[in-house]
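The following features are taken from TrEMBL:
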type     : residues                     : note
ACT_SITE : 88                           : active site, proton donor/acceptor
BINDING  : 188, 189, 190, 191, 192, 193 : NAD(+) binding site
Ligand SMILES: NC(=O)c1ccc[n+]([C@@H]2O[C@H](COP(=O)([O-])OP(=O)(O)OC[C@H]3O[C@@H](n4cnc5c(N)ncnc54)[C@H](O)[C@@H]3O)[C@@H](O)[C@H]2O)c1
């Protein structure tokens with residue numbers, strides 16, 4: 001049979017990128033639900049990843065986001081050593097306007113129809129309270145509230161894991177994991193960023209922050225009176241003289257041609273997903289001598305938490321697992337050095353190898 005490279009299935013399964021296992025389009029006319037569930041891989045176990053609720057400009061954008069995010073989860077889960085493959089769902093629409101209990105229940109039924117091949121959780125636009133509703137129709141739901149058998153807010157462990165990744169970066173770069181006396185810039189002090197600031201100050205770092213929400217900046221500055229400096233925006237933050245570490249903790253795409261060219265820090269380690277704006281940025285960073293701790297390696301604390309929820313959540317067990325992000329990050333830097341590739345490429349290779357080996361088992 002001739003290979004089809006431009007049909008609707010080609011687009012849906014991303015056959016040019018190795019392909020996704022399953023893409024499910026869901027509609028519930030009564031509630032107005034329109035969702036895409038993308039399962040990239042179940043080689044390592046049931047696909048695990050959150051539900052993004054977002055007002056996409058086009059349906060194509062929604063499908064593309066689901067596919068990209070699902071693929072990213074395969075790599076993140078493989079690298080975190082979880083018995084889960086990668087998947088992600090998007091619900092199309094403005095959550096402020098269209099999110100209803102009826103719609104979330106319909107979404108729960110859609111996820112349940114997959115019989116456990118996909119396990120859902122929170123993401124941008126969905127919260128613990130939403131997952132409590134989804135869970136009424138679907139047993140394969142994590143990110144629920146503690147009152148409903150869940151683990152609650154995952155940002156505490158995400159920040160802890162990012163801090164471990166940053167300590168490993170400091171160890172690799174300066175031969176000492178402590179951040180004492182280092183200047184760290186945190187862009188985005190929301191749920192994860194403000195916890196990261198706590199860890200950094202406790203370790204003796206000098207911290208500079210920024211956020212588009214004045215309220216978020218004020219909250220952190222007031223909490224740590226006189227110990228945190230705030231700058232106007234991310235452009236000012238990344239150009240701060242004497243900056244040692246840049247921690248992107250807002251949205252994706254923080255590392256692009258422009259930002260990499262002016263970045264004063266020699267280490268990048270932060271919580272944001274998809275920090276590299278396009279392929280090749282990882283090489284630009286390496287060429288400038290900037291050590292990049294791959295985002296999905298260091299921000300896995302959250303998914304470690306929701307995966308644990310499947311077996312009865314235990315905070316200390318999860319914290320111990322998230323502590324291992326320190327060693328994993330160091331291993332990736334060592335592999336990268338040995339293979340002469342940027343750390344992002346080394347991480348991808350290790351994750352792909354794990355999936356391939358599991359696929360053959
Ligand atoms: N919450 C988790 O457990 C978790 C896990 C893994 C990855 N992440 C990723 O980490 C990042 C932060 O997540 P969060 O849960 O803290 O989200 P959040 O929405 O609570 O915080 C993000 C913060 O970034 C700020 N921001 C947005 N655009 C900005 C800009 N251009 N410049 C400066 N600040 C800006 C927002 O005002 C907000 O305060 C996201 O990319 C998320 O995907 C989060």
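Cβ atoms are placed via backbone N, Cα and C, with glycine included.
Features per TrEMBL, on structure.
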| residue | record | CB count, 10 Å |
| --- | --- | --- |
| 88 | active site, proton donor/acceptor | 29 |
| 188 | NAD(+) binding site | 25 |
| 189 | NAD(+) binding site | 27 |
| 190 | NAD(+) binding site | 15 |
| 191 | NAD(+) binding site | 17 |
| 192 | NAD(+) binding site | 29 |
| 193 | NAD(+) binding site | 27 |
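Within 8 Å of the Cβ centroid of the NAD(+) site, not counting the listed residues 188, 189, 190, 191, 192, 193, the chain contributes 155, 186, 194, 195, 196, 211, 216, 249, 250, 271.
Screening the recorded positions 88, 188, 192 for a C-beta under 6 A from any atom of ligand 1 leaves 188, 192. Separating the Cα atoms of residue 192 (NAD(+) binding site) and the residue listed as 'active site, proton donor/acceptor' is a whole-number distance of 20 Å.
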